[in-house]
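Taken from Swiss-Prot, the feature topological domain 'Cytoplasmic' applies to 1-73, 533-554, supported by sequence analysis. What Swiss-Prot records for 74-94, 512-532 is transmembrane segment, and it gives sequence analysis as the kind of evidence. The topological domain 'Lumenal' annotation in Swiss-Prot covers 95-511 and rests on sequence analysis. Positions annotated as N-linked glycosylation site by Swiss-Prot: ASN132, ASN375.
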Amino acid sequence: MSPCKWLTMFLKGCWGKIANMNHLDSCFPLRYIIGRKKASKLLCTMDSGLKSDSHEVERSNFQLNKPEKSLKRYALLSFYVIILLAIPVWWKTTHYERSSLPFEDMENAPSTVQTHLRFSPTFRILDDKGNNLTKEVQKVLEAEPQIYSYNLKVLEDDPVDYRIVLRESTDLQWFWDENNFIIDTPSKGPSELAILIVNCLWEAFSPQVMEVWSKFTRFSSTVEPSRAETKRTVQFSPQYRVLLSLLVGEGNHEPINWDIENAIQKYFNPLIEQLASLAKLNIETQIQYFVEDAEAYIKDDKFCTKHADLPNLVNNFEKYLSFSPHIREPTIHFVLYVPSPQIQPLWLENEDSNIIPTNSMLLPQWGSITTINFNVTEKKLLHDVDLKDYFRVISRDLLLLLGINDVPVSSLSATLADRLLRQRIAESCIEASDTLQNLAKLVHSMQSMAVPKEIQMYVKDTLLSLDMAYKALSQNNLNEALSYSNNAFSKSQEALFHPSMVTTIYFPDESKYGIYAPLFAPILIPLLISFIKEVKDMLRERKLHRVANVPKPN
């Protein structure tokens, strides 16, 4: 073996890394052993030899591992194929339907209500020969600006809603007698009498006008109604749950019962039947014993409960009152409270610390509490006659809670029924239009919210029912207008509280990202790294393939 070949083999074994050095000065030992020029020539020979040997080794390894690499690539490819096939399935199963909605009509619904919600009560003056006074009154009505949402009309012929009866008297006064509007007035000329009649009509209808106005201002951002009547009325709904509860104090050790069925039949059902066309009232009853008594103090040898202690009393009683499972059915509570004998007779005080004669307190948007001073040792049953006066108070409170603000009696006259009918129509239309506007804002603000076909159908039904209600009002058909307005309210509520929309609100896009990231990040990162590695291997194999196809020099 020649010294040159021996030296080459020695350097390959001991100093293999020298062949990769680009600068000759780094090969310090070789330069001083055989000289600079010979070392340079020798290193070039070694470098080509090493590269040739490494390519041979890689080619041999590639040939040996080719089946294994192919299997590895097929396995990796299968993962990507599964992912690509799963994407359409995932998209189909998680994609939400977003139907188009008439946003312009929904956003303009409140202003449309203010424009089209017009009540037109009609009158006829009795004993008006030649209809001269009727024409004068109609002229005055047309000359004066109409009050908000009301357009009074005086007609010459029937049918009309009300009749005006003029009676000569020294004093001016007016009052209702069923559908007759009676005016006692001194003798005047036609022009003066026409102005007087119009003033009396607007004075009679001003409470109704204020009630409708308060409904509109409740949804206004600039005007906030401060009327106590507005704050007292219960939340609007086509149906209510009326809960009659007899709560017996903890000091009463004798069982007390009441003849509630006969009492309801005699004293409460007539009013419920009159209200049936306006709202459905579902009556329930209960008796609760050993109820914690109210806080009482002695005043003039009487036990009294302060007005400031009533909130605590209500909170205490609510523990014993059953709740309705229906969210859209507000509950009106009427509590008859029998205190313990130790604090009887117990009287409730008003805000001025005066004893309330009826011993009953009306609580806004909740109901009322009535205290019954009942000697249990002498009598253990409340007969229907004993409950008569209490039901008179309950009936009056029910009308107040439903929105009839100046109720003189506990019954519902024809005039009060019409008044409440108009009020319910206004409430239904205003609530439905406000719900549509809120729904439009909600859908606009949440682009990922699902809007199924059902919601689209509910919205269209609401708009159609509102239009039909306005048309019925223009024809002065209150019963038909109430039916359409109630349907509009129900459909709007079903659209706003649709289950698909509620779930979307509680599961926004941020929650989806929080769920997907922990699941797919640990899978995708190794797949991505493996993909990059396989790409590098494929590029290296192509390079080796090109080198292998280069012809060797002879």
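Positions of Cβ are set from backbone N, Cα and C atoms, glycine also.
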**Request:** Express the distance between the Cα positions of ASN132 (N-linked glycosylation site) and ASN375 (N-linked glycosylation site) as a whole number of Å.
**Result:** 66
**Message:** What are the sequence-distant neighbours of ASN375 (N-linked glycosylation site), meaning same chain, six or more residues apart, C-beta distance under 8 angstroms?
**Reply:** PRO341, GLN344
**Request:** Please report the number of other Cβ atoms within 10 Å of the Cβ of ASN132 (N-linked glycosylation site).
**Result:** 12
**Message:** Considering every residue in the topological domain 'Lumenal' (95-511), what is the mean pLDDT value?
**Reply:** 85
